[in-house]
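Visitor: Checked Swiss-Prot, it gives:
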DOMAIN    4-245  domain 'ABC transporter'
BINDING   37, 38, 39, 40, 41, 42, 43, 44  ATP binding site
């Protein structure tokens, strides 16, 4: 069964820029998919459509069989957790309070506004922190953590939501290589253990090849590759990193180093 269905989707912004051009794809439940491509390829726009942060100009996006639109957006977003490049934590709050914000979609409007959580929520938050190895940091301020630790808090917040899908937008772009490896391994473990569908935007080819079940390569708003890591050849990478008929030499050289 498809966790995510994208049918004939285009996205055109008011300035006329067409970020996505006729995207058709299905992402299977419980799979780990990496969307790979250079900056400006449309990767982030695609993820934002999956969570209703953007709306398609044409076409439809469905999560768990439900169309992502304004009518049931809160309900759909409760199924879809986001992990962000810049962590999106409230730095002055404690780690556990940041994780608890993952429960807001399960609370009433009043509870969301006033950060009213139940004892059950606190238990879920503590369990999520244990999963990411940060139990001892629960009452520390978020801004006292390292970048890798802050991203672990972001993942714990996603887990606390009890989602069916986790969307991670360049989750390791600002991390060192060791932390990047640890974060990708953690997302992979969550996918395997919990059966949560994970979609990750990356530009690191080596990480994509090591952790993904499937790689979707994008260039200039189109899907130009769709296959397994073993099928990601040097020629496929050239197609992904070609820019308006000219190869993006810096990105391509880095990509080919891991082909």
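A Cβ is built for glycine as well, from the same backbone N, Cα and C atoms used for every other residue.
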Visitor: Near residue 41 (ATP binding site), how many other Cβ atoms are within 10 Å of its Cβ?
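Guide: 26, counting other Cβ atoms within 10 Å of residue 41 (ATP binding site).
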Visitor: Once the chains shown are all counted, how many other Cβ atoms turn up within 10 Å of the Cβ of residue 42 (ATP binding site)?
Guide: 23
Visitor: If you count other C-beta atoms within 10 angstroms, which of the binding-site residues 37, 38, 40 is the most crowded?
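Guide: Comparing the binding-site residues 37, 38, 40, the most crowded Cβ belongs to 37.
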Visitor: By the count of other Cβ atoms within 10 Å, pick out the sparsest of the binding-site residues 39, 44.
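Guide: Selected from the binding-site residues 39, 44 on minimum Cβ neighbours within 10 Å: 39.
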Visitor: Can you check what DSSP calls residue 43 (ATP binding site), collapsed to helix, strand or coil?
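Guide: Looking at the DSSP assignment, residue 43 (ATP binding site) belongs to a helix.
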Visitor: Note the Cβ centroid of 37, 38, 39, 40, 41, 42, 43, 44, the recorded ATP site, then list each other residue of that chain whose Cβ lies within 8 Å of it, in sequence.
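Guide: Close Cβ neighbours, site residues excluded: 201, 203, 218, 219.
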Visitor: What average pLDDT does the predicted model assign to the domain 'ABC transporter' (4-245)?
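Guide: Averaged over the domain 'ABC transporter' (4-245), per-residue pLDDT gives 92.
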Visitor: Going along the chain, which residues six or more apart from residue 43 (ATP binding site) have their CB under 8 A from its CB?
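Guide: Residues satisfying the criterion: 35, 36, 37, 169, 170, 201, 218.
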